[in-house]
Amino acid sequence: MTVLEEMNDQLAAENAELLQEVARLRGGGGSEATHQQPHSNVRATPSLVALAAREVVVSQKREILEDEEGAEEEAARARMEGSIAATEENLTLRIEIQELRQDIASLKAARQVADADAGAKGEAAAERVRQLQEQFDATRLEKISAETELHRLRSNWAPPEALQSEAAKVEAAKKELKAAKEDALRKANALSAAKSERALRSEAVQREAEAVSRLQVEVEGLREDIRKKDSQVARLKMQLEAASGRDGDEGSGGVGRPGSARPGGSGTDYPRMKQQLAEKEAAIAKMSSEAEAMAGEMEKAQANLGKVKRQLQQRTQEKDASIKALEEELRFAKDMLGRQLEEERAA
């Protein structure tokens, strides 16, 4: 159904309603007209005028509709749709403008409230600052007054003799405490030095013992070499004696039988074996002298080691005694310092 048809139906309905109203007003007689004539006359005149106006409007609308039927139907529809769209847009803009105005009014009211709150808070803060400044000024004046009174009391006050003697005792006790601390520190340092020296001497004794053990090993090696050389010399002597016996037999006119020579040499080996024997004896003599020298050094080293051990034991005993004495003195100093500190705290 088109818009024109809807408007035509609406106009027809309105025309029917107007006709019914006119018929009702014109045919309204009898008791209702008799009993309510003043009121109905009063209401009839405006109603008839309105009905006449509505008839005129309806007739005009009908004429307009009849004129716009046909070729102008589409143009009228477009104009009406444009008018409706413009009206809707105008209504939307008016609604938005109204909402914006309401928002602006709300913001203004909120700003006024915030300004009022800020003003109240600023006044309260200023009042608080003023009160704090007054309290600070009063406190500063009280402090100045108290300092002045304290200075006056100090300048006029003289300590009694009992307090002076007590102060002197306290100072003397402090000096004694300081001296005791220094003495305890010196003794602790001496104790540490004694322990270090003891450790060094123990290391020296250990090194001497290791050197003696090495010398003993070397002496045993030399003795073993000497025993080997002695056995070699004995074998060489036996060979030399055998060779000299054979030379004697040959010198007496006997001719050696083939195969009569002992294994291990002939008469021509005698000088060489004699030379080897001399060399071996010389080597043995040298090794014996070296062994005797090393044995003497070892005896000296053992004697020195025993002496060092005895000295170390004696010094260790002395150091132990001094360490015990230092520990006892240090314990006594600590006890004295503790008692003095307790007395000072109690005082």
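Positions of Cβ are set from backbone N, Cα and C atoms, glycine also.
A TrEMBL annotation is a machine prediction, not a hand-curated record.
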Per TrEMBL, the range holding coiled coil, considering 1-28, 29-56: 1-28
Per-region confidence, the coiled coil (61-239) (mean pLDDT, whole number): 77
